[in-house]
Amino acid sequence: MPDIKRVVLAYSGGLDTSVIAKWLEVERGLEVVTFTADLGQGEELEPARAKAQAMGIPDKHIFIEDLREEFVRDYVFPMMRANARYEGDYLLGTSIARPLISKRLVEIAQETGADAIAHGATGKGNDQVRFELSAYALDPDIKVIAPWREWDLTSRTALIAWAEKHQIQVPKDKRGESPFSTDANLLHTSSEGKVLEDPWEETPDYVYSRTVNPEDAPDEPEFITIDFERGDGIALNGEAMSPANLLTALNELGRKHGIGRLDLVENRFVGMKSRGMYETPGGEIYARAHRGIEQITLDRGAAHLKDELMPKYAELIYNGFWFSPEREMLQAAIDLSQDKVSGTVRLKLYKGNADVVGRKSPNSLYSEAHVTFEDDAGAYDQSDAEGFIRLNALRLKLLGKRDR
């Protein structure tokens, strides 16, 4: 890859990206800029600065940024307006974080005069696709370096040996250890590898880091309310909150009640099936609540159309097409549908469950007068149903006469 002198690396401070940072310098002769994003992963990020400094990277080329509000406001909430779940289950916690990281990688490359960006995603997974599609959409001329697709460090042992040779500190719990891949942000935590690679084996409880076992959750339910305005959450139990603060508070409630665990075998974009364990405590509560407020504010046609669009929208995010015109077209339609999605949802949190038990809205389409089993005082003429049924039955009658 010619004409590259400086590269911006998506840097976590962990062993893999520390090796990559040094490898880019030693093997490729590049000047390295590191970028570490705080997306609410719950880790202290200043050690990443110290590790970068220890490798000789100057302070002006070390970027650590708090992106939590931008992440939830501009990525998570728009996705939640669509009720997006990949393959019906996965709330896309890893997928939705990649576009923002890629955006800042490209921007920092432009700010620092770098010729390329680099990431630590492997050649087997989805993240390489997500990072690179996003980067190319934002800067068609950017160059991307993906060391896992290039180098000969094909085993954990080889990686550790290379790290030790170049004076990179190796944590004791990494020595001789097979990869156990984790990802975390304010929306979720995911785990893959090791015992999870056998889809028949139940996920051991020690793998879960973000939620209590539902069996050990409180024996008494907890009731909460979430207020929505035009499809976005704005308050918890009547207290106004920013997007990131709202999700943080819901995460704690979900953790306490064991909500949001998902054991999933999914279809990766690159073609293989993989098994992952996901914890999305606050996101699961929020998604249930959003669905609840839509139930009384969305017209049937709009609601059903949204449900038809959702799988495609979720697939686009999963596959890395956040910055594509088709995702933006779908987003425009979804956002338009949210104009009247305002009100309050009450939920019951209990031993792994988040159940909607009440909803109200000034824009409600629910008419108790029409649905009551008591006297509706003429609100609905039941005899009208006869003609409705007759018209809808016409084609079925004609088919029946022909085929039966």
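In case you wondered, yes, glycine gets a Cβ from its N, Cα and C as well.
Here is what Swiss-Prot records for this protein:
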type	residues	note
BINDING	ALA10, TYR11, SER12, GLY13, GLY14, LEU15, ASP16, THR17, SER18, ALA37, GLY120	ATP binding site
BINDING	TYR90, SER95, ASN126, ARG130, SER181, SER190, GLU266, TYR278	L-citrulline binding site
BINDING	THR122, ASN126, ASP127	L-aspartate binding site
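Features as recorded by Swiss-Prot, highlighted on the structure.
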{"residue": "ALA10", "record": "ATP binding site", "CB count, 10 Å": "22"}
{"residue": "GLY14", "record": "ATP binding site", "CB count, 10 Å": "17"}
{"residue": "ASP16", "record": "ATP binding site", "CB count, 10 Å": "21"}
{"residue": "TYR90", "record": "L-citrulline binding site", "CB count, 10 Å": "21"}
{"residue": "GLY120", "record": "ATP binding site", "CB count, 10 Å": "22"}
{"residue": "ASN126", "record": "L-citrulline binding site", "CB count, 10 Å": "20"}
{"residue": "ARG130", "record": "L-citrulline binding site", "CB count, 10 Å": "27"}
{"residue": "SER181", "record": "L-citrulline binding site", "CB count, 10 Å": "16"}
{"residue": "SER190", "record": "L-citrulline binding site", "CB count, 10 Å": "19"}
{"residue": "TYR278", "record": "L-citrulline binding site", "CB count, 10 Å": "26"}
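In terms of Cα distance, the binding-site residues that sit within 10 Å of SER95 (L-citrulline binding site) are ASP127, chosen from ALA10, SER12, GLY14, GLY120, THR122, ASP127.
ARG130 (L-citrulline binding site) falls within a helical segment according to DSSP. Within 10 Å of ASP127 (L-aspartate binding site), judged by CA to CA distance, lies none of the binding-site residues SER12, TYR90, SER190, TYR278. Fewest Cβ neighbours within 10 Å among the binding-site residues ASP127, GLU266: that distinction goes to GLU266. Note on the binding-site residues SER12, SER18, SER95, THR122: the fewest other CB atoms within 10 A surround the CB of THR122. Reduced to three states, the DSSP call for TYR278 (L-citrulline binding site) is strand. GLY14 (ATP binding site) has SER181 as its nearest neighbour among the binding-site residues ASN126, ARG130, SER181, GLU266, TYR278, going by CA to CA distance. Take the Cα of SER12 (ATP binding site) and measure to each of the binding-site residues THR122, ASN126, ARG130, GLU266, TYR278: the nearest one is THR122. Closest to ASP16 (ATP binding site) in space, going by CA atoms and restricting to the binding-site residues TYR90, ASN126, GLU266, TYR278, is ASN126.
Pairwise Cα distances among ALA10, TYR11, SER12, GLY13, GLY14, LEU15, ASP16, THR17, SER18, ALA37, GLY120, which the record gives as the binders of ATP, peak at 17 Å.
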